[in-house]
Every structure is written in C-alpha cells, then in structure tokens.
Amino acid sequence: MAASPKIGIGIASVSSPHRVSAASSALSPPPHLFFLTTTTTTRHGGSYLLRQPTRTRSSDSLRLRVSATANSPSSSSSGGEIIENVVIIGSGPAGYTAAIYAARANLKPVVFEGYQMGGVPGGQLMTTTEVENFPGFPDGITGPDLMEKMRKQAERWGAELYPEDVESLSVTTAPFTVQTSERKVKCHSIIYATGATARRLRLPREEEFWSRGISACAICDGASPLFKGQVLAVVGGGDTATEEALYLTKYARHVHLLVRRDQLRASKAMQDRVINNPNITVHYNTETVDVLSNTKGQMSGILLRRLDTGEETELEAKGLFYGIGHSPNSQLLEGQVELDSSGYVLVREGTSNTSVEGVFAAGDVQDHEWRQAVTAAGSGCIAALSAERYLTSNNLLVEFHQPQTEEAKKEFTQRDVQEKFDITLTKHKGQYALRKLYHESPRVILVLYTSPTCGPCRTLKPILNKVVDEYNHDVHFVEIDIEEDQEIAEAAGIMGTPCVQFFKNKEMLRTISGVKMKKEYREFIEANK
C-alpha cells in the first residue's frame, strides 16, 4: 500500500519526545491528518432498539416444566457433551453478583459478559461517574471501578468469564443451549441478567453525527479534547441526564440541559446540584428536533422546539449527550419466556423465577420500577441461590472444587520513557513508545486510545490483549491515554473512546471506534502482518 503523501511531514531526530496525530475516519484517514512533529513537552455498538411485543401476565399455571436429561449429581455430560451447571448471560451488578454467589457454591458458573449487544461488561455502571449510594463506599466510587472490583471478586472464586455476546439461546427443552459468537454451551440453568440499553432519539442526522458530536456516554466521550472548553448539551430530566450534565461541567464551558417536561424527574439531591450550578442552564418544555452542522461538516448546534409555543430556535453546541432512559435487553427470550408489554422479563413476585423452570432473571431486564445498582445486585444474589436450589432439587448439581484464580497481573503500570523503552517487547504505553515504534517497527502497530473514566475501554483491553498475544511477533501494541497525551488525541480528531488505529511502515491503515468482535481485529492483522 502506497504511503500517503503527507505522512512524515516534520519528522526529526527521534532523540526527543514527539507528538503523533491520526485520522478519525472509520475506514481510512484523509492523507493530511497523520504526521509527526518534534516537541520536548511531555504530558500527559451496535446499539439496537428493543421490539416491545405485547405479552400477557404470567401465572403459575403458565409455568413450564422442562424435562431433565441428567439423573444424578455425577451426570455432568450427556453423550460425551459437557453440560454446565449454570450459564449467566450478562454482567453488571446483577450478573457479577450472581457469578460470585454461584462460584462460591462451587457451581463453576460460565458468564458471558457481552460487549456490543446492549452494552459492555459491567452494564450501565460502566457509563456512570460517581456512585454515591452503593453501601460500603463512604466516599463514593466510580461505576467502572465498582464493576471492576465485582468482576475480580467473581473471577477470584472461579467464575469463567467470557467477554462474548450471546447470539441465540433455546430454553424450550433441557438441557438449555446457549450460542455465542465463539462457542456453544449446554447448561441445566440460566441466569438472564442482560440489563437495559440506552435509548436514542433517532434524530434525522443522528447516525451522521454519532460519535462525532452525539453520544450516549458522557464519561466515555466527554473527556475528548475536542469538547474541552466548548458548549455542550444533555437531553433528559432524570438522574442519568443530570449526572451527565454535572460531569460535563468539568470539561465544557457551559452545559445546557434539555428537558421535555416542565420539571426535572431526578432525585432532589441531583436537582439541587444542577439548579445551583452556574455552568448549567435548564431548558424546560423543550424538544430536540435535530443537530446542525457548519460548512466543515462538524456539529455546530441543535435545533430546538418549545412544546408550549411551538417556537423553534437554534442553540450553539458542539456536542449532544443522551440521558433519556433505557430499554430492557430481552430479545433473546422473546417467544420463549413471558415478557410484559414493555419487554421486561416477568418474574414471580419476590423471586427471580421466570415462566420457564431453570431460567432466572436478575437486574434491570426484569425491574422496571427500582433500577438501582444495589437492587440489581440483590436480585443477582437471589437468582444464584435459586439456581443452586433448582439444581439440587432436580438432582442436577455437580460441584467443582477448583483453586481460586490469581488476580490478573497489572499491565501498563507506567508509560514508556526513553531509558526503559525496549522494542523487543510487544506491549507499550505512551507517546514516546508510539513515536519510536512508528519510526522503527516493521510490524503492524495497534494503537488503543483510552480515557481513565471510560468503561468500554476496560472491556476492550482484555479483548485486544488476547488478540495481540495470538500475534505476538507480528504486532506492536501501544496504549494512549487521551488525557495524558491530549495533543495526540486532539490532532487525531479522537471524539470518543475506545478507539483503535492500525499503522505499518509509517502509514495509518485503519481506525476502528468502539468495541468490536475479536475476529475483526484478527482479520485485519492477518491481512496486513
């Protein structure tokens, strides 16, 4: 592949740190965007809409009894096929709590955390800033940090965790079948904890500006240098929207909160914080019609409509963030398990039992009323205990006494500096390493742009680590923190994290935004190594 004519502009001696810029195109960069300059300054998915079929209320008479194929506790396989005790679909506080309890009961739960269909491992808390009402954290904790602790605890007790999407499942006959993007699993019970997905407004130009000015994750994208010092807007009037508005004041010059109703629905504490913040303006009775752009194709404003008068106005804003609620991710159970008219999984009151015996639901996928992290965790506990009782009472349980897994070794604890840089190593961090590798590496260079509060970034790292390990001698991996290396991110036009870029022979080959399947990264490396 021929090098872009502008690549290498300003390349100087490699004895001092350089800044790297890169393109933000989803496929290939405009040739003028990637260059290296000399400086001695060292600084730092697929979302989908839920079909909401009409469902009737379930009753005990509608509950299905599926026949078991295993007749004794020693039966862990049928016809040579391994049958797991329990598969947990989804993560978040519900899924991880269920995994902790199931693992401590020696059930060896298999957990499919998901990463695209409906969110990322850790659920909605991965897009939450400060969690101040979860017991045990008097000073609060960020959503991603809380989920990371829960995940490590589940892993410590022996849960098998896979960051894979479940593509289909069958619960009409036992054992149940779960098909993911990479494997097929048989199991005696299922805990369904897929949570809910952020809703979109479906504006006329939403797809055009998605991740280029429109976002449903303030903590993922708000730290982008392109939003720093700009006017931003948030849509919604609940806790999610008010929390996002408050968070964005750390970066924005001013934040506009666009509320359809004549009052906020958020908690009183959140309302007080918003109303008393001079950097936030609340617009009541206001509907978002569309986004506006300038002659350069960049988002420049929002078209608003007053619901009480019908008057339309234009609001200057460089970014629009959604905080308008969620839809339950129950699609995989449609036609198999009873759902209500909004798509929530119906469970027997006070339990996690669905209309199919052996299938349990936990978290926001079955809770349309409370929707709190602590209630989701509680329902995950109930689901795990219920699954254990179900397995025991049906003589299906097989105990697994396995050693506790060691905590994953911490990687990338410090940025590469001149005296510690070693090109023979595969994995690196920071702008110095990127500059050196850009000049000297004959391999494919995979660059991951992250930010400290980005939940999906924590999802993507282990995925990329596995891919990089598979191609250990064919790739170099560099992690760039966009807050530490702001100039790189700004020049690259990085408007959200995570973002991956591939380079080879001083040429940028491709940019991939968000979290994708491992095979997409594998196929690209295989084709270019």
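Placement of Cβ uses the backbone N, Cα and C atoms for every residue, glycine included.
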Swiss-Prot annotation: CYS220 disulfide-bonded to which of CYS187, CYS217?
CYS217
Could you identify, going by Swiss-Prot, the member of CYS454, CYS499 that forms a disulphide bond with CYS457?
CYS454
Quick one: of CYS217, ALA241, VAL259, CYS454, which of the recorded positions has the smallest count of other CB atoms within 10 A?
VAL259
Please identify, among the recorded positions ALA241, VAL259, CYS457, the one with the smallest Cα-Cα distance to SER91 (FAD binding site).
CYS457
If you measure from the CA of ALA373 (FAD binding site) out to 10 Å, which recorded positions from the list ALA241, ARG260, CYS457 are inside that radius?
none
Considering only the recorded positions ASN133, CYS217, CYS220, ARG260, ASP364, which residue has the minimal Cα-Cα separation from CYS457 (disulfide bond)?
CYS220
Note down the number of other Cβ atoms within 10 Å of the Cβ of ARG260 (site 'Important for activity'), including every protein chain shown.
15
When DSSP states are grouped into helix, strand and coil, how many residues of the domain 'Thioredoxin' (403-529) land in each?
44 helix, 30 strand, 53 coil
